[in-house]
Each structure stands twice: as structure tokens, then as C-alpha cells.
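Straight from Swiss-Prot, the features:
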- 494-529: region 'Disordered' (REGION)
- 424-429: motif 'Selectivity filter' (MOTIF)
- 240-270: topological domain 'Extracellular' (TOPO_DOM)
- 323-340: topological domain 'Extracellular' (TOPO_DOM)
- 399-411: topological domain 'Extracellular' (TOPO_DOM)
- 432-438: topological domain 'Extracellular' (TOPO_DOM)
- 218-239: transmembrane segment (TRANSMEM)
- 271-293: transmembrane segment (TRANSMEM)
- 305-322: transmembrane segment (TRANSMEM)
- 341-361: transmembrane segment (TRANSMEM)
- 377-398: transmembrane segment (TRANSMEM)
- 439-467: transmembrane segment (TRANSMEM)
């Protein structure tokens, strides 16, 4: 243990550093211990043996210089060894020069445990703090894992490892099912944009009605109508593929071509065509309304659900543009009509993406999208495992079955068999007949079970996490009082970004009041440690 402060002793000008052990918060720190002035610098701003008066969250205590000198690498030890007031201010949140008191806006309960650490040299875990908050406090005060008492160290490490972390490995924020405060801040920031907009209150109500099904009764009705239109569009697309509709439309198309007319006007059944036009009109109304009511146009085009809405109506308008383009060229021959038919078929195939519009009204689909977004590493590992297994077992099967003429003619042809075998699908269209081939197939199936099961468990756990989190958000909206929500909306009327910054500054004014008034629960004079 370094003894940097000795009563009545002068040091030469030096600047020493103490490398602290790995803090409980998980980051390594290199702490500046002291800057002792040279003998000719004059009188110090405070005596080296003067007791340190601190105020941590309203708890006032006096700490002796000798107790702090035992642990010079901690924040209070460095504060005691500070060579100037400017250096000391960098270590605390505020300083009252008249009372010579240092203020820290930290957890007062942890500070009481910190006082016990300065007396005994051991830090005990507080049950009132979660392991992550405890680690952050310990990191702030400059305590390492070695400071933990032996009776609490194993329990602390076990609790820290058992707590779920954020699914995004790039984030340091602990995982939680509860709504994140940042999400609430983002919503308030978006709603604040309506304060300076024209007809902002009306636009805000319409936006919330279209975006939040649980906001009001009209929003629930709008959601039901939107879901019904999506299901009707999908049903019409499925009915259009039935054989009786295909035969009737093919005959009408042949008759139209023979008469020198475009077959596109007669291919669709009149009822299905009218239903398609109605669905397109509704989808177009949804997209345009959301675009006009959105608080931010840039954020609108960055949202995945809005992109799905655009893709759901894009094929219809592209088909119209293709027909107009060929019509302007005056092409009525079979070649131009054939090209138009291929373009229309491709665009009609894109209508299948309309099923993704249900994600706006489905908690499970949104949770699935969030799971895939945060599981790209696991999905990549799964594909890598499958690729390696398919390549190995396909080569073995080709070697064993190439002479039997049962479909294993080339290694690329064996890839299909290896894929359906490793995924335990087993279509049975290609099967091995030799003993060596059957052994290879058995190994392929068993390897597929083991390989697929490993990352699937992690992905399923992430899906469960995001699903519970999404349900918690929806429950918070449903169970909240409607009048309270209206008060929240009214509070952001006329609010700008500058006013939000002003409110943050105002919220910090209470810190100086703590320095002037003493908490009623505290004794008249700080206790000495």
C-alpha cells in the first residue's frame, strides 16, 4: 500500500500514477494519485492532515486524512492528496469553498458501505443495489475487485454472471424486460416536433391513431380495418392461383391476343380486379397519410414497417408504368406483349410482401424481426455449420454412390441431399443404397441435429426476451390512464429542442441547494471517521 501523505513532510515535485485493479464495473483505470508541490510553491490550499468534509447525496461525514492515506488510489484518497482546488474540483461534483465541503451526487447507501471500507479495508455487497449499479458505484469511487470481502466476492460474481445482459453485444446496457427510458425519450422527442408545426395537435392525434392500436377506440377500429384489407388482398392472390381461374383467364387472354388487343385488361376476374383496386387504394391511403402526418420525413423512410408499406403498393404502380411505356411505343405485337406479361408476373409476385404488413399489428412478427436483427451472428454461425456439414457429407455420399446411378452423379447434385438431410427434412427423392452411403446419411442426420440445435437455443431465448418486452410495452399503453396520457400530450405542446435542454439544466439546480441546507435526518455536525 502506497503511503503518499505523511504529516509534516515535504516532497519534491512529482506526478505518480497508481494502476488500479480491474474495477467492479468492468473497466481498467489508471488513477492520478497526487501532484505534490515543490517546497518553493508556497502554502498548500489545504493542510495535508486536515479532515475531509464530504456530502454524498445528503449524507455528510468527516473523513480523517490518515484513513484516506491508507487507500491513495481511491477517489477520496486522490481528493485528499489534491495539490490545488482546481484539481480537487475535477474529482467531485461540486465544492463549497465557504464550508470547505465536497459534494458528490452519488448513492448515499453505497457511501455508508464505503466508510466501512475505509475503516476495515473490506467492501461488502449491498442487497439494495443490483450488481450492475453496485459495480458502477464501486468503479466511480475507484475500488477494484480486491476490495470485496471474501464473504461477498463469490456471491457478487455469481449474481453478476446470472444477470442477463443486453442481446446486442455492442451495448454495455444491461438487458431488461421493462421499457427502456431512451425509448420513452425518443417518443417524447418525436411528439415535441408537433409543437411548432401547423395544426400540430390534430396531426399528432391522427398520427397516434394510425400508429398505436391501443391509443383510442378509433385507432382500434382503424387497425381492424387495416388487418381485414391485408387478409382480403392475400386471399384474392391465393384465389387467383386456383386452376379454374387460371383456365378461364388463359382462354380470355388468347381471345384478346387474336383480336389484337392487350391481354392484361381481361386476364383478371372482374370481382378480384375490383377487390385488388380497393386494396391498393387503401394501402396508398395508409402510406400517404402516414407520410403527411409523420413528425420526421427522414425517420419515416428509415422505418422498416414504412418500407414494407411502400413495397406493398409499388408493384401495382410499376405495372401501370410498364403498360404505359409499351403503349407509348405503339407496340402491339406479340414480342412486346410477351415482355409486358413477364414484367407483370414479376410485379405480381412482389404482392406476397403484403403479408409483412401484418407486422404492424402483430407482436410476434415484430419480435421475430427484432430477434433476427440481433441474431445475425448466430444465424451466420448456423449457416457456416450447415455449409461445412453439407460439403463434407456430400463428398462422402458422392464417393459411395457415384457408381449406383441413384442421383448422386456429381458433388453439387449431392448438396441438395446433404441440405435436406442435415436439416432433418428428408424429402426422400434421392436416397443412398449402399452401406457406406447409408452410414454417411446417418452421420449427416445426427450431425445436423447437433449443429442446428446449438444456435437455435440462443435465438429462441432472444425471441422470448423481445416478445416479453414488446408485450410489456403494449400492456403499459393499455393499462395507462387515458387522461394521464392526454396530459402527457398536452405537456409537449409548443415544446422545442431548446426548451428540452432548458428543462435539463433546471433539473440540476437542486444540487446547490444541498450544499446550503442540511438534511433534517442528519445530526447538526458531521460525524468523524
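Cβ coordinates come from backbone N, Cα and C, glycine included.
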Which residues of the same chain, at least 6 past either end of the topological domain 'Extracellular' (399-411), have a Cβ under 8 Å from a Cβ in it?
417, 429-434, 436-437, 440
Give the one range among 218-239, 305-322, 377-398, 439-467 whose Cβ atoms make the most pairs under 8 Å with those of the transmembrane segment (271-293).
218-239
Rank 218-239, 305-322, 377-398 by Cβ pairs under 8 Å to the transmembrane segment (439-467) and hand me the top one.
377-398
Using DSSP, what is the helix/strand/coil residue split across the motif 'Selectivity filter' (424-429)?
0 helix, 0 strand, 6 coil
Grab the same-chain neighbours of the topological domain 'Extracellular' (432-438) for me: Cβ-Cβ under 8 Å, and only residues 6 or more beyond its ends, written as numbers and ranges.
396-397, 399-401, 404, 406, 408
